[in-house]
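A short worksheet on the structure shown next.
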Amino acid sequence: VKVAYLVIYCVVMFLAVAGNILVIWTVYSNKQMRTVTNYYIVNLATCDFLVAVFVLPLKLLEYVAPCSWHVFGHDSLCAALSFTLPVFVFASVLTLVAISLERYYAIVYPLKAKIISGKSRTRCIIAFTWVIAIVLAVPFLYCKSYAFNIHSQYGTVRRHICTDRFDDIGSGQFRKWFFIFLFLMMYIVPSIIIMYTCVHMTICLLRPVETEDGGNSLRRLEENKRKVARMIIIVAGAFLVSWTPFYLVNIISQNQSDSFLRRSNFLLTMLSTHLFGFLNSCANPFIYCFLSEKFRTSFRNILLNFVR
């Protein structure tokens, strides 16, 4: 089982790194691709790239490395791992909220979109998403290496994983309320906003394109906006589907951490839920490739130039 997960994680890491580099380079090297929506897509690709490079291999080591290695026997490494994952995930969530709202106004309220949307404003919003993500993830720096025994039919093994020290804060209620707060602010509220905007965009997309006679250029512009909206709806949906198991398991494990940690299927559960989330990091470039002719053409040209 460990070998299978090792292979799958390595494949996901390679695809995520290569795919998101292609996305970033496509927008960076092509001035015509530097649109407001693509700025958000680049920020999302940056988050996915950082997850693949820093978080994914460390998570794999945490659950698969031989017990004798004691990889996470040091609190400093645990602090780095525990802090980086939520930062990148939170930044992705907030970016998806921003891009969903941007596309929502572009499709549903196009006149308002021209007023509130702009490249300078977009850069400020992107910077703000990272500030919020970092601030919300700061408590995760207060963590430690935790040794525990896993009992199974094959015997007992002792492992080190990273866990927080939230029970040491106040009366021990910080953990409960902090995770409830994160669950609401980084999952429930964003999910409601994303689903609301996506539903309204879908309703608008089902309507036929209406332009004045001779307005071929306007028709093409409207159709391009709709194609981008469809792509964003699928990207948002893929993110919610991928990370929902992680959030649910996280809430369950925090409410009954002792019994959860000692179950023999703990490692398999955590590997699976993290893998499901990490799959999203390599899925987005494929979504762009299939649904956007511009991204598809650019990917093809970059790969052909690389092979030559």
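Think of each number as a place in line: the chain as shown, counted from 1.
Quick reminder: no glycine exception, Cβ is built from N, Cα and C everywhere.
TrEMBL labels come from automatic prediction, so no person has curated them.
As the structure is a computational prediction, the values presented were derived from the model and not from experiment.
Annotated features, as they stand in TrEMBL:
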type     : residues : note
DOMAIN   : 19-288   : domain 'G-protein coupled receptors family 1 profile'
TRANSMEM : 6-28     : transmembrane segment
TRANSMEM : 40-60    : transmembrane segment
TRANSMEM : 80-101   : transmembrane segment
TRANSMEM : 122-142  : transmembrane segment
TRANSMEM : 177-199  : transmembrane segment
TRANSMEM : 228-246  : transmembrane segment
TRANSMEM : 266-291  : transmembrane segment
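Per-stretch counts of Cβ pairs under 8 Å to the transmembrane segment (266-291) identify 6-28 as the leading one among 6-28, 122-142, 177-199. Here the transmembrane segment (177-199) does not touch the transmembrane segment (6-28). Their Cβ atoms form fewer than 3 pairs under 8 Å, with each pair 6 or more residues apart. Counting C-beta pairs under 8 angstroms (sequence separation of 6 or more), the transmembrane segment (228-246) fails to reach the transmembrane segment (6-28), with fewer than 3 such pairs.
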